[in-house]
């Protein structure tokens with residue numbers, strides 16, 4: 001089987017899920033007239049595409065100081081600024097700007113942004129480390145990420161249950177950030193002679209922290 005089966009295998013699962021939802025979930029349908037924010041959607045899409053092209057092409061196909069990259073950077077910023085201005089006047093904005101007046105929303109967004117960098121950084125780095133340093137195959141290196149996933153699932157489920165029962169949630173992202181930082185510090189000391197047992201342990205620590213933050 002090739003890597004394409006990563007995507008193919010989701011097709012039957014998706015079909016079964018859709019059939020189950022159609023048969024079991026009967027939600028009352030309430031028709032409400034909405035006004036789609038086409039200008040907001042277009043400006044946000046164009047701005048994000050520009051940023052993706054900038055980070056993909058920069059330093060690879062074009063030099064960072066080239067006119068193409070600079071032009072993409074300027075265009076992306078202008079488009080995103082226009083998006084924010086349009087959202088201030090839109091009847092049903094894609095992203096209501098009033099959300100940014102909420103301190104809880106801002107804090108959650110900032111934490112989510114940082115944790116996203118952490119999680120995807122680990123997901124990208126670890127398979128390369130396992131393949132290049134430990135000589136694992138691409139398939140094996142993917143399977144060897146399971147300790148981090150199991151750690152994440154454990155604290156994600158447990159903390160979610162505790163939040164539902166107690167109503168207290170602030171301590172979990174704080175503790176999770178500290179545990180994640182500890183795990184990343186441990187990973188920073190990975191070397192060519194580090195055994196997989198230690199690598200797995202460090203992955204569990206990072207997973208436990210991420211699960212607490214993402215509950």
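Keep in mind that glycine also has a Cβ here, set from the backbone N, Cα and C atoms.
The structure displayed is predicted, hence computed values, not measured ones.
The domain 'Major facilitator superfamily (MFS) profile' annotation in TrEMBL covers 1-215.
The transmembrane segment annotation in TrEMBL covers 6-26 (among others).
Non-local neighbours of the transmembrane segment (38-57) in the same chain are 68-69, 72-73, 75-77, 79-80, 82-83, 86-87, 90, 93-95; each lies 6+ residues outside the stretch with a CB under 8 Å from one of its CB atoms. Residues or ranges marked as transmembrane segment in TrEMBL: 38-57 (among others).
For 63-86 (among others), the entry in TrEMBL reads transmembrane segment.
Summarising the annotation, TrEMBL assigns transmembrane segment to 107-130 (among others). Same-chain residues lying 6+ beyond the ends of the transmembrane segment (107-130) with a Cβ under 8 Å from its Cβ atoms: 136, 138, 140-142, 144-145, 148, 173, 177, 180, 184, 187, 190, 196, 199, 203, 206, 210, 213-214.
With a cut-off of 8 Å between Cβ atoms, the residues of this chain six or more beyond the transmembrane segment (145-164) that come close are 122-123, 126-127, 172, 176, 200-201, 203-212, 214-215. Per TrEMBL, transmembrane segment is recorded for 145-164 (among others).
The transmembrane segment annotation in TrEMBL covers 171-190 (among others).
If you look at the transmembrane segment (196-214), the same-chain residues 6 or more away from its ends with a CB under 8 A from one of its CBs are 111, 115, 118-119, 122, 126, 129-130, 134, 144-145, 147-157, 159, 172-173, 175-184, 186-187, 190. What TrEMBL lists as transmembrane segment is 196-214 (among others).
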Per-region confidence, the domain 'Major facilitator superfamily (MFS) profile' (1-215) (mean pLDDT, whole number): 89
